[in-house]
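Chemist: So TrEMBL lists these for the protein:
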COMPBIAS  1-12  compositional bias 'Polar residues'
REGION    1-76  region 'Disordered'
COMPBIAS  36-66  compositional bias 'Low complexity'
DOMAIN    75-421  domain 'Kinesin motor'
BINDING   160, 161, 162, 163, 164, 165, 166, 167  ATP binding site
COMPBIAS  684-694  compositional bias 'Basic and acidic residues'
REGION    684-715  region 'Disordered'
REPEAT    731-773  repeat 'ARM'
REPEAT    772-815  repeat 'ARM'
């Protein structure tokens, strides 16, 4: 609510804004007549004819007497905004719990009276301390601004204790950061963006109500402006207030700076720049619109029966609306604010005006016949905002500190009463008949001349048109015939295309299935072929070489045999030819040949022919054998070349496979090195942490997170997280998770440590679960026998169990059984601490209590007591406290009536025996668990029998924490069983 940035910057200087200043009375009312009179001082219309003026007067009177069709009711909308804690409150409220609890999704606010009792309020909007200025504007003020632009009056008002952020919400200029702009600046931006600079107009005034005097913040010399009321309508006006016409956003911001510089402020204990006056920003909007023609005709027919308007001559409508933004001064108590002297007088007037406003709100909320409007000038100025005709939004601002419990409750109740106030919204508009008449007269002269020209043109065109119509009819008839024929052809073609398309799709599906099948077979065969080809290549090469040698030797032997045979036949033929020559010679000498000699000669001749035929056959076979030998040799050469090529291809594939294998081995080696380095840093950090004194704190059992560690250890953790983040970006989560299944035990240990460190960051938890990290961690917990892996996996599960969704997933996958089994088998205190932390997180979920107990979660917690290590006992106590708190919540809500499951599982003796433990974390959790168990009357007899009553008495008197001490006192007082036991020993507790 501090105003110093723009109050002090303008002190002592003269500033002249670029906006246009208009000196005239300001009307706070809503009547159309006064708005028209105000507009007349800004723009003077040109003179017109007497007849036109009288017609306009008749129409204006008709529209003025006609009731508005836009009158409707609207409740005052109320939003609540919580201011963040400041530095002083963080220190002062460190020992107190949160007094205010917001439920923005339900639009509810809960005020805690104490640790077990609270009161819930429903609002139209609930804005948390992190809500942006833009969201506040869109929720609270934007609907009002839109209504103002539509012609309705609107009011936005901020109410609350001093120092809760009212001026920040409304009047922040956003000079340093545009995101901090308040409602005033953002509302003017929307108004200027919606209006037309030629036809529309926006004027503003900035006032303050200081000690029951109205002062002009834009003209400080006007320090006592009277409020004038119309006795007939009751409308309020402020004569003499300065009006500035705004053309752009910059001039408006300059006006706000001037006003804030002139506003009264003072330094109090609650606020260094406390506003001492109520600031009121008035924005008047004049906007020209063109409504629908039906509405115009209905309005005109009331007085003018024969007048008809064309589409181009619709009656323009002028809407005159008003937006009021009120920054109320903060209510304060004098004993808290430290006001004295003049500041005390200011506080009195502020509280009196706010009290008067509260009385009016109460009267309107209760439908009282009398509303004390005239008790204060503030209520007189805002009479149209509450119970009037404006659309009103109220934002109440509160602080988080329980030190101001009374002021916060009063503010909330004020907002609740304001939500019951009903307004009757009314549209502020009138018809602009003067401009319409001027336009109609001009258009009438133009249309008369144009009509004469068009009549002659129509006569000339009619004859031509008749001829064209006849020709067009003939053309249409022919076109219809052609169209029918074309449609039939197209239908047939379309049917054929559809059939072909279906067949094509079927073929494609078959081809796709065949392709997938072939690709699968090819993939399977490629793996086998890659291993077999190298062996087959060597054996086939040797086999082919051997066959080639045998083939060559066999053919060479056959060639030698055929050559020898041919030589023998040649020698036989030569001998026969010689014999034939001799015989013929003998025949010639003797001259006589016997019959037997002739037959012998014929026989020898036939043998010669046979020998010639055999020789030719042998030569032919030899030629064929040579050609076959040549072809076989060529074929063998081609096969050798093909085998050589395949051999080169296989060698290239083998080389590529070796390269990929080496690259993967190198990448795995790098990942291993990074994992070893990260785990070495984690081990060093753990060693340095073990050397530090033990610091027990609730929630400090997280494997990685501890906000109370020394600075050097925190730097080491930050460096370790940076290294893990870098590894996460370079390697990827999927590869890290794949290393959890590595055969190398060292790699697996380092991988699970990295996953555990990643799980400590909330941003990584969802990614780990989506990538299957939860399944891998549970699998490691189930299958691994290495205690280091079990310890780190349990720590990672404990980190993931901080999220409610992950808790349900862990339970669904049997995680509690695995954790219980690990708790029963492990002996290492660190492993037990991790397992106990995971189960303790699951104990805080109301939905999982039954399953947690059925699957042995409580038994597992109690079984780990054997460790006696203080860190393990602290986690066990935290889990029992969470479980007891959930049961207590169920009893309060009426969902549970049976005896505590902790008592059924035998946890009560251990709780009582450790209620006064020397370890502070163990004692604090046990005390809280005991108090929650005692809140259910069904458990009271068991607690008395076990001796818990005396521990509760000790807690109510000696506990170091006030909230636990008060809870124990209330429990003893509220329980009839405990009171009866105390009366027996004369120790009544009240």
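From the backbone N, Cα and C atoms, a Cβ is placed for every residue, glycine too.
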Chemist: Neighbour count, 10 Å Cβ-Cβ cut-off, for residue 164 (ATP binding site): what number do you get?
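Modeler: Step by step: centre on the Cβ of residue 164 (ATP binding site), count other Cβ atoms within 10 Å, giving 28.
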Chemist: Looking only at the domain 'Kinesin motor' (75-421), report the model's average pLDDT.
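Modeler: Mean pLDDT for the domain 'Kinesin motor' (75-421): 87.
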Chemist: DSSP helix, strand and coil counts for the repeat 'ARM' (772-815)?
Modeler: 35 helix, 0 strand, 9 coil
Chemist: Taking every protein chain in this structure into account, which of the binding-site residues 160, 163, 165 has the most other Cβ atoms within 10 Å of its Cβ?
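Modeler: Neighbour-count leader: 160.
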